[in-house]
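Here's what TrEMBL has on this protein:
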DOMAIN    A:37-109  domain 'Phosphoribosyl-AMP cyclohydrolase'
BINDING   A:ASP83, A:ASP85, A:ASP87  Mg(2+) binding site
BINDING   A:CYS84, A:CYS100, A:CYS107  Zn(2+) binding site
There are 2 protein chains.
Amino acid sequence: MNAQEREEGTQFAPKFDGNGLLSAVVLDAESKQVLVVAFMNAEALTATRKTGKVTFWSRSRQKLWMKGETSGHVLHVEEILVDCDQDALVIYAKPAGPTCHTGRTSCFYRRLDLEADDATALESVLS
Amino acid sequence: MNAQEREEGTQFAPKFDGNGLLSAVVLDAESKQVLVVAFMNAEALTATRKTGKVTFWSRSRQKLWMKGETSGHVLHVEEILVDCDQDALVIYAKPAGPTCHTGRTSCFYRRLDLEADDATALESVLS
């Protein structure tokens with residue numbers, strides 16, 4: 001598949017990197033808040049498409065990881081968008097509960113103060 | 001730095017992976033549309049913070065890549081959020097023009113039809 005086909009065609013041909021992964025960004029379908037950013041390998045992508053529940057590949061644990069498998073806070077897929085070179089996915093989902101393991105709605109609960117020193121650069125934006 | 005400090009502290013301590021990279025998701029600060037997903041190494045992150053213009057590390061070209069360096073369509077940083085384990089950034093930016101090299105507002109211009117065969121699974125959602 002050449003670049004033109006990959007970018008303009010109708011064929012879904014996900015491009016996994018050297019580690020067999022692509023990036024997946026999950027947003028709340030309703031609020032449009034970014035909930036979590038992680039990776040999928042081919043198996044995780046297939047599971048996500050088949051079950052309608054967002055499934056990642058955990059790089060730290062080196063295993064398939066269905067979001068919410070222990071907490072019950074699964075992410076129900078509503079829509080998947082694919083980028084130009086097909087190496088990243090944007091997934092709009094309906095969360096069954098807080099997405100972050102810390103109990104927060106989103107994993108992105110801190111803002112980086114662009115003026116501050118690193119030691120005190122993070123401030124909470126979600127409780 | 002332990003997990004508790006990394007997740008709950010005020011210290012910005014970005015966690016780069018084995019390739020020295022972290023994920024960066026850029027959204028339009030106004031429309032909240034996801035524009036592009038890419039990677040930053042430490043140098044790209046420093047450049048982004050210093051210049052206020054989103055700068056990535058291009059894995060394919062193995063070089064620093066200021067978004068818009070040739071097109072002029074730079075992404076002006078408005079806000080940066082950091083996730084729980086500090087290995088991903090969400091950046092709200094003001095784009096100076098279309099973000100995608102194809103001329104589209106966003107790189108995510110196709111939707112994956114969850115029922116279709118791969119050969120015909122992508123449909124345009126942005127012109």
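Note: Cβ is positioned from N, Cα and C throughout, glycine not excepted.
Heads up, TrEMBL stuff is auto-annotated, nobody curated it.
All features noted in TrEMBL, drawn onto the structure.
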residue: A:ASP83; record: Mg(2+) binding site; Cβ neighbours (10 Å): 25
residue: A:CYS84; record: Zn(2+) binding site; Cβ neighbours (10 Å): 21
residue: A:ASP85; record: Mg(2+) binding site; Cβ neighbours (10 Å): 13
residue: A:ASP87; record: Mg(2+) binding site; Cβ neighbours (10 Å): 20
residue: A:CYS100; record: Zn(2+) binding site; Cβ neighbours (10 Å): 19
residue: A:CYS107; record: Zn(2+) binding site; Cβ neighbours (10 Å): 26
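It is 22 Å from the Cα atom of A:ASP87 (Mg(2+) binding site) to that of A:CYS107 (Zn(2+) binding site).
Separation of the C-alpha atoms of A:ASP83 (Mg(2+) binding site) and A:CYS100 (Zn(2+) binding site): 25 Å, rounded to the nearest whole number. Counting only the Cα atoms, the space from A:CYS100 (Zn(2+) binding site) to A:ASP85 (Mg(2+) binding site) is about 29 angstrom.
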